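What follows is a short report on a single structure.
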């Protein structure tokens, strides 16, 4: 399973960074390409904050916090037993997404976003991986944790 987790993390980081590179090299900041007019666009945007732009320009805080959370995730990878593979997959998605956005913050001080559904803040592949990982973790906690003897 370790190899699968490595692939999830690596694939998340690579897809995230390549997609951001393509957007940054082929579009100007603010450009928007309609994929489905008024529903889904590729829009080149930068976010110096967290989700929804909160705490903008707190780059050092985000870098330090992300590194600390990554260390916690590494600890959890080693601490969780084989029976918690679904939790490890959730953590791998979050880990890959966090590293993808961390690379941006270290390199530029902001995160490149481009998926634009017009009714929601613009986001990227790293954000999608983090949200998917958190969603899997919430599902596990709500519906599966009793089967594993958690929270007894």
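Placement of Cβ uses the backbone N, Cα and C atoms for every residue, glycine included.
Of the listed segments 36-56, 57-77, Swiss-Prot assigns transmembrane segment to 57-77. Among the recorded stretches 3-23, 57-77, 122-142, the one sharing the largest number of Cβ pairs closer than 8 Å with the transmembrane segment (83-103) is 122-142. Counting same-chain residues at least six beyond the ends of the transmembrane segment (57-77), those with a Cβ under 8 angstroms from any Cβ of the stretch are 5, 48-50, 87-88, 91, 94-95, 98-99, 101-102, 105-106, 109-110. Spacing of residue 113 (active site) relative to residue 127 (active site) is 9 Å (Cα to Cα, whole number).
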